[in-house]
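Below: the structure, in structure tokens.
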Amino acid sequence: MADVVQYKLERMVNELDDLERRGLFSRREIAEIVKQRRKFEYRLKRPSPLKQDYLAYIDYEKSLEALRLLRKKAMLRELEKKSEDGEGVVKKPKLKQSVSDFSGISRIVEIYRLATNRFKGDIELWFQYLEFCRQRRNGHMKKVLAQVIRFHPKVPGVWIYAASWEFDHNLNAAAARALMQSGLRSCPTSEALWVEYLRMELTYLNKLSARRSALGEDVATLVTDGHEPEDKQWRDENKELFMPIDGESKNYKDLDVQNEELKQKINVFREQGLNILQTVYKCAVDALPSSFTMRTQFLEILEATNLANSETMKKEILSDMRNQFSKETGYWDWLAKYEAAGHNSTQDVKKDHLHNAIQVYDEALKIVPSSTMFDLYIKFLMDAIVHQGSRVSDIDLVSHVLMVYEKAQSMGCITEDLACQNVSFLLELGRLDDARNIAEKLCNGELSKAARLWDLRLSIEMKHINTPTKDDLLSVFNLLQNPLRKIAVSQAESLWLMGLKYFANQKQYFDKLVDISVSCLTRDGGSDDGFSLSSTIVNFILQKNGIQSARDMYKRFLALPHPGLVFYKNCIEMEMNIASTAAKANLVETRKLYEAALSTYDQDARLWQDYHSMESKMGTSESAAAVHWRARRILKGNATLLS
């Protein structure tokens with residue numbers, strides 16, 4: 001290893017001597033460069049060098065090359081100042097190219113080559129290599145492209161990058177076309193390849209058209225349209241201004257004939273472009289019959305170009321999309337937004353565009369009646385209200401939104417999200433009674449187990465009561481206990497928190513909530529992570545009545561089946577807080593809790609760690625050692641976690 005590194009360093013002698021001779025780096029700086037390069041070379045010669053080793057070496061060499069260029073420019077400026085003659089004329093000095101001007105780039109390329117040989121499957125590394133070669137234009141681009149295509153023929157981005165370089169930088173349209181077609185044979189199911197191939201072909205056709213225009217063969221740039229009556233009259237009156245150089249007379253009608261001939265030439269390009277689009281589109285659809293996004297991109301390209309019979313082609317694509325994707329909600333949402341943007345309408349009136357979009361959504365609800373379709377419809381109307389106002393001409397968007405919500409209920413497509421959106425929208429409009437009626441109807445109907453809707457309904461009822469009377473408290477409690485008994489504890493977190501907070505100072509109702517919680521926890525069990533109802537109730541009682549009442553309560557919950565790991569940890573934390581400020585006799589309760597928790601969760605290494613940590617800090621060395629020994633015996637393979 002040392003011999004190879006020393007050999008590589010010795011090959012750098014000419015370059016380093018040249019840098020010192022030119023004055024770009026001092027001897028001390030060159031010694032530091034040698035030191036750094038030796039360190040990097042040793043890293044690369046390890047049995048298993050890392051990718052980061054190569055990248056760090058490359059970054060260092062790039063920084064060094066950038067510094068060399070900066071110092072070279074500074075040196076040229078100094079030489080310019082010295083070369084001024086007496087009349088103030090500056091003679092531009094030139095530095096002869098030497099070995100140091102090429103060696104830095106060559107070394108970076110060599111490191112990239114070694115890295116890609118080592119990590120052939122790293123496509124990101126290959127693209128970094130390609131970008132460096134493209135920026136430096138050092139002649140390695142074709143060779144590297146051939147290598148990356150050989151190793152990654154199934155990556156569409158590789159073919160697109162190679163064709164783009166041939167087309168844009170090498171100006172070789174034939175090679176770019178061959179690469180894209182090879183890519184399509186290797187990756188026939190790539191949307192990006194089909195779209196970029198079509199874009200490249202149309203761009204090439206546009207370049208040919210522009211070339212003819214530059215050569216004077218384009219009617220749009222060479223011959224003015226003579227169909228304007230005033231222009232034609234003026235030209236008839238001033239025929240002598242348009243006499244040809246050879247003196248032969250020429251009628252103005254001849255220009256119209258020439259105009260028509262040139263228009264036909266331009267139409268050839270438009271027709272050829274349409275033929276290309278039709279051919280590529282047909283092949284792409286055959287390869288990807290279920291791709292919706294590809295068709296939308298083809299449509300965008302068609303609209304961005306001026307092709308012959310483009311309207312016919314657009315109708316064909318839209319008809320194809322309708323036949324293929326009429327059962328998908330995403331298609332109808334896209335089509336409605338397409339209509340709203342005015343792409344499929346000859347009238348430039350926002351009202352008409354919005355009306356067309358609404359018609360599309362109404363038609364979609366007949367074909368795809370689903371909650372997702374209603375959700376997309378309502379989001380579209382809400383966006384229209386935000387950007388265009390609540391009324392657009394004769395369309396009342398607010399009334400339309402409410403009508404869509406009603407339609408979702410009548411068609412049985414209402415979900416918890418839509419119901420909450422409906423109630424919230426009515427509250428924003430200030431229609432409190434309507435919001436309460438809708439919430440009540442849905443909570444008593446098909447959404448009786450929708451926790452968020454119950455949460456919204458209860459918050460409305462609670463805010464509606466300013467100073468609660470006994471009847472009000474009874475009404476709210478009766479309303480609250482219904483969902484608490486039906487909905488699982490893990491889903492009704494917000495409901496429980498709302499109820500406990502609202503009745504915290506009403507002992508009668510608070511005790512009833514505790515009884516309901518006991519029955520629910522008996523049914524559902526405690527939680528091992530996340531929300532713990534029993535912990536929440538114990539914390540409420542601790543803050544209100546003190547530690548003894550809290551202990552009585554958590555012992556009541558511990559008697560239930562499966563209290564849950566979160567509840568054990570919460571009780572342990574509470575007892576340890578008391579033990580840290582009071583007598584150490586409280587450790588008895590803490591140990592009991594740990595033992596009870598470990599009887600169920602004996603494979604939880606974190607619980608053993610906490611137990612051992614507590615004994616080490618607050619107990620005795622004997623008790624800590626005993627816990628450690630038990631943990632090692634029970635955990636076995638996980639015993640290392642206790643170190």
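Heads up, the Cβ atoms here are built off N, Cα and C, so glycines get one too.
Because TrEMBL annotations are produced automatically, they should be read as predictions rather than curated entries.
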Coiled coil according to TrEMBL, located in which of 21-48, 245-272, 525-552:
245-272
Calculate the per-residue pLDDT averaged over the domain 'U3 small nucleolar RNA-associated protein 6 N-terminal' (9-83) and state the result as an integer.
91
I'd like the per-state residue tally for the domain 'U3 small nucleolar RNA-associated protein 6 N-terminal' (9-83) from DSSP, helix first, then strand, then coil.
62 helix, 0 strand, 13 coil
